[in-house]
Amino acid sequence: MTATAPSYPTVAPIEPPALLLDGITKTYRSKAGAVDALRGVTYQFARGSFTAVMGPSGSGKSTLLQCAAGLDQPTNGTVVLNGAPLGGLSEVELTKLRRAEMGFVFQAYNLLPSLTVYDNVALPLRLTGRRPSRSDVHRVLEQVGLEGKAKRRPAELSGGQQQRVAIARALITKPSVFFADEPTGALDSGTSRQILGLLREATDRAGQTVVMVTHDPVAAAYAERVLFLSDGLLAGHLDRATPAQIAASMSDLER
Amino acid sequence: MFYLSRQTVSRHRSLYAGSFVALAVGVFLLGLAATATAATIAYKGPASSIISVMTLGGDGAEPRRMNVPMSGEDVSGLQVVLSMVGTISGFITIFVIASTFAFAVASRRRELGLLRLVGATPRRVRRMVLGEALVVAVAASLTGAVLAQLATPLLLRKASYSELAPVKLEPAAPWIPLAIAVAAGLLVAMLGARSAARRAGRVGPIDALRESALEGSRIGPVRIIFGLLFMAGAITMLTLIRPATGDGAVPLAMFAPMVMVIGLTLLAPLIVPLVGRLWALPLVAWTRVSGRLARSNVVAAPRRTASLAAPILAISAIAGSIVLSLSIAADTAGAQIRDAVKAPIVVTGGADVSRFPGVETVDAGLPLQLVRIDRDDAQLEDAEGIDPVMATRTRDLVALSGDLRGLTGNTVAVSKEMSGFENYRVGDEVPVTFLDRTSVKLRVVAIVKDAFGVNPSLLLPLDLVRAHAPKAVPDRQFVVPAANVDPAPLVTRLPNAQLATRWEADQADGVRKGNQLGLILLLGPAGFYSAIAIANTLLMGSLQRRREFVTSRLLGATPAQIRRMVLWESSLVGAVALSLGTAITITVGVLIRHAMTAGLIDVPLTVPWGVLLGIAGLCLILAIGSALAPTAYILRRSEPSAAVD
């Protein structure tokens, strides 16, 4: 394991990027008319990078995340994960790809309330048909600082602990890409730091790629690069920025 | 994956307790019908009262020996009722189970979406929901079967020596009937769970991220087409099958609403918001906020509303249709009897009144029973020996073909209805065996107009009946007074005499009373089951909403406001279901009346308002009560601050 600085430039020279968005548009049609949530986004997320996506409300950042994760179909354009395009995959193929390659952490912790912490974390492995090894589950629990809480149920944990269970659940399958949507949205600043630290660790230690949507400049500052999204288009980026710089750019966008 | 099913079943106890109760009671009723049927099959009448005949055979049917019970002491009446009870219970069970499972899936959209998000394939989610259904179904079916076995002796004691089974019934071996009931329960649960599972499989991973757990109300064109087909099918059934008597009308009044209920349920996501909006108009006008909230809850989640409304819709449509149709059948029977009797006086019993002064014509027909044999069956039939000269004077006895004057010797006149069923024509021979065990062939001399309640389907010469049933006495005689004799004073002088109008009214009342027992037997268990199902679904619905109630409290709603909202909401659900049930009842009633009264004029219409309104009221009270009770409980037990966790 190398503890060197994050790799630059963003485009890795030989191997394909972890995630490639090529000309993504997304139009929602409803009775009230069509709404263009994304109007052509092209970007490459390099392997092992930690990218924050920011933008005002309605800028399309959640839609971007959902299209990138194959949760939603883009209207136009292609999403390529580790060199393999997602378009044309069946729901089952997408599911299998998702559980092998992607991890999810959302604002609502999204744990199954009926399962214990242990079972929640082991669930993705069970779903792939593998029998989870006890030591694997306990190792990721330890990694997120929840040793000794394996038998609890989500309702008995604090918000920060629940979010760490969600991260442990995402870690256990060793996904190549983490998708995080406002992972610290409901947490206090101390707990937020721990959660962001865990995501940061995933990129630094295991070379996993993190794509995080947030509106919080402090959280975004944990990322190497902050992408700004406005009206469904990329509106610029900041590298290794401080929360103050990020906040300034945000208020420029919102003006 | 089964472990997940087990875990979720215990987590969603209130959802699955509902399905469990619904299915256990359904299997209990099915099991009871099955064990009782087994007891009737096991029943063997005394050997002396059985006539053994050979069927004719031909047209692919082999001649076979049949033992026909000679007296009315058989159990076929009970068997018919039991099979109908089984059918209604089975239908309502599958219906309720399907809607409870659909409801359970709808309430768990986010959780299912989450499973999809962490890597469950649609197939896996489908199998999980089916697995859960299986856990519940096995437990519920076994419980229902045990309860049925315990209750069987009780039912048989009640059924023995009743009008339907005037014999002593003993419990038979329970294994086969209970196995059938359990298998039916499992099958029903799996069928009911199938569509819910399919819908669960369609929940996308993105649903885990949506805040609102509401499901869209849009339904596919296939579903709309099927819904319309079911409606059209029921209406076609009602217009093509033209029942002439109550016996014919009951199965129709049972099946037609079932088919329509299925049709309406398929169309529910389209229809429910419309009807809901309509009923909500006065609510919104009268109340400040609770009515408005209730409207949006009912209209915005049509699938949920439809699930809650389903049991009310089913029972109100079926019970309403049967009650109304039987009343119409009784009205029709009254009119048919009225039209069939021309004589102004009816004497009950066999007293000879021909010698009384003022009496001109006495039509003293002799009733008897005989076994009529056809190609593949032999049945005990009611027949009457008549003097055609007398009978044509006192009754509306008209030969549609053939000639009644030929009714002498080994001959028979057949009613139009039976000639239609059995394809008898004038000149055909009908083999019969009298109860004195002589077999003869009767030549058909005439096909006569139907006169239900007055003439049986087979009319024989009086002398033939006297020869084979020497002890027969008339049970009623039609009397025509001499020309200028007033019937009213004459009635007072004759023994057991009544004016024909009075007798006709009594006969119609008798039909109505006879129907009542059948109604209670048919609708009693179904009503009991539906009551449980209605309470069950509404209870489930309210228990699921703890969070919503608590959040509303946080927003400043007083407990009374929330209770009012739930009150209006459950009233709305009830009103929507009952309007659809009423629409079905009216459709069935109008069409059945139209069919039954064809060719009759001046048929009175008795609408059993009391019973119909009673059914509606009971449904409404149950719905509101079982929605309010858990709401009050939740509100007492939780503080607004609970919304935060």
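Backbone N, Cα and C define each Cβ position, glycine as well.
Annotations in TrEMBL come from automatic prediction, not curation.
As annotated by TrEMBL, transmembrane segment applies to B:20-43, B:80-107, B:128-152, B:172-193, B:224-242, B:254-287, B:308-330, B:517-539, B:572-592, B:612-635. The domain 'ABC3 transporter permease C-terminal' annotation in TrEMBL covers B:84-202, B:529-637.
Just going by CB pairs under 8 A, the stretch in B:20-43, B:172-193, B:224-242, B:254-287 that sits most against the transmembrane segment (B:517-539) is B:20-43.
Contact check: the transmembrane segment (B:254-287) against the transmembrane segment (B:80-107) gives at least three Cβ pairs closer than 8 Å, residues 6 or more apart, which meets the contact criterion.
Mapped onto DSSP helix, strand and coil, the domain 'ABC3 transporter permease C-terminal' (B:529-637) counts 91 helix, 0 strand, 18 coil.
A Cβ distance under 8 Å defines the sequence-distant neighbours of the transmembrane segment (B:572-592), meaning residues of its chain 6+ beyond its ends; these are 235, 238-239, 243, 249, 252-253, 256-257, 260-261, 264, 271-272, 275-276, 279-280, 283, 294-295, 298, 305, 308-310, 312-313, 315-317, 320-321, 324-325, 328-329, 538, 612, 616, 619-620, 623-624, 627. Taken through DSSP, the domain 'ABC3 transporter permease C-terminal' (B:84-202) splits into 99 helix, 0 strand, 20 coil. Long-range Cβ contacts of the transmembrane segment (B:224-242) within its own chain (Cβ-Cβ under 8 Å, at least 6 residues beyond either end) map to 248, 252, 255-257, 259-260, 262-267, 270, 587-588, 591-592, 595-596, 598.
Long-range contacts of the transmembrane segment (B:128-152) within its own chain (CB-CB distance under 8 A, at least 6 residues past either end) are made by residues 1-2, 4-6, 8-9, 16, 19-32, 34-36, 39, 101, 105, 115, 120, 171, 174, 178, 181-182, 185-186, 189-190, 192-194, 196-197, 200-201.
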